[in-house]
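Peer 1: When I checked TrEMBL for this same protein, it listed these features:
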type     : residues : note
COMPBIAS : 33-54    : compositional bias 'Polar residues'
REGION   : 24-65    : region 'Disordered'
REPEAT   : 133-172  : repeat 'WD'
REPEAT   : 205-246  : repeat 'WD'
REPEAT   : 247-277  : repeat 'WD'
REPEAT   : 294-326  : repeat 'WD'
REPEAT   : 337-366  : repeat 'WD'
Amino acid sequence: MIAELPIHRPTFGSLLHSDPAFLSNQEEDESSNKNSPTSSNRMSPGYYNGSTPPSGEGSPYLSPWNQPSPYTKSPWVIPSPINHNFSKNGLVGSLAREEGHVYSLASSGDFLYTGSDSKNIRVWKNLKEFAGFKSNSGLVKAIVIHGDKIFTGHQDGKIRVWRVSSRNPSAYKRVGTLPTLKDYVKSSVNPKNYVEARRHHNVLRIKHFDAVSCLSLNEDQGLLYSGSWDKTLKVWRVSDYKCLESINAHDDAINSVVTGFDSFVFTGSADGTVKVWRRELQGRRTRHFLVQTLLKHENAVTALAVNQESAVIYCGSSDGLVNFWEREKHLSHGGVLRGHKLAVLCLASAGNLVFSGSADKSICVWRREAGGVHLCLSVLTGHGGPVKCLAVEEDQESDEGDQHWTVYSGSLDKSVKVWRVSQNAPEWRGYHQST
């Protein structure tokens, strides 16, 4: 089923794109020492006349926050003291460093990983700096964690792999790059392995030639999915970093990819579509086939999230709406969550809650009720810039009667905020769901 939405609002495509600088394939020296000097942001505005998306990770809404930071070694802002006596939903603390806008987050247990346009990946524990590592090129746009490995997607089109030391949990080392140098050289020999990126310019099929905007991991199958502004979806085997498949998935930049239920993978793009891909085994090979287009409208799709428990797929877009589809209804359109005035930039789901972060600087907390109805529990405010990324972890103090979640939000105001959210909070009647 395709949901055709007749809402006519200005597109937000310029929010989704950045300078598609095509860097060389030569591996650079990278440091894993958290005490290494922070590299300054050397990205500059650019202009591009090719067929790929235009430059600028900015828009009329974001320009005040989209300037390179002049600070590289400013002291940490002291986090707010943890207060366990606040109401059902509220702010726990804030983390900030004047080194760049926060574009990506990932959490694992007590650890939080943050990526920014300073090219650093910071590691936090209990609201305090714990470790850090950096790449000498490529704004960090996506982070996923797999055991003791961290995969990061970058503006320069590379996926880097890091590993924490077994002897020193605060030491991280880069252990690989996708594609590997071996696979790159092997593929480069065969002309059939090249595709046309733009006129008179061919690139290897196994390598992204534009920013890696999103990553998603299927831990059961050992597969990593990467979406890029080069419009392709690539499938990687985690065990040996081999590129198994490259799919020309969309007509514009891919902004989000999530692994879902029933062997499905979902992709969302600036072309205004959400597509469903099914993983199938052909002999010894894994292949993905397009089985459905859930959404097709004029507004860019900016974020996706899957609730595995209830089997619901959520989609945020540049018009400020969150659409959703339900497996129990054969992926038919379930409704629309209306809670934001500007583009939805990120989504996260946990338990029966879904969180939406927006360019309007707020985070809406929604609870899915029986029958698929969603109630807005609260609107979390406090960021001074657009909310670009979200991560959720179960609160250790939760009990059977009242499930709590720790929510991390990264913003273009260069800060990360930590919230505590109750699943049983009363409804906040400011926003609503529509069908």
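Backbone N, Cα and C define each Cβ position, glycine as well.
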Peer 1: What parts of the chain pack near the repeat 'WD' (337-366), using Cβ distances under 8 Å and only residues at least 6 beyond its ends?
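Peer 2: Those are 12, 15, 59, 61-62, 89, 300, 302-307, 309-310, 312, 314-324, 374-381, 383-392, 394, 403, 405, 407, 409, 411, 413, 419, 421, 423, 425, 430-434, in sequence order.
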Peer 1: Can you tell me how the residues of the repeat 'WD' (247-277) break down into helix, strand and coil by DSSP?
Peer 2: 0 helix, 19 strand, 12 coil
Peer 1: Take the repeat 'WD' (294-326) and count its residues per DSSP category (helix H/G/I, strand E/B, coil), listing them in that order.
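Peer 2: Going by DSSP assignments, the repeat 'WD' (294-326) contains 0 helix, 22 strand, 11 coil.
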Peer 1: What mean pLDDT does the predicted model reach across the repeat 'WD' (133-172)?
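Peer 2: The predicted confidence over the repeat 'WD' (133-172), as a mean pLDDT, is 91.
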Peer 1: With DSSP, how much of the repeat 'WD' (337-366) is helix, how much strand and how much coil, in residues?
Peer 2: 0 helix, 19 strand, 11 coil
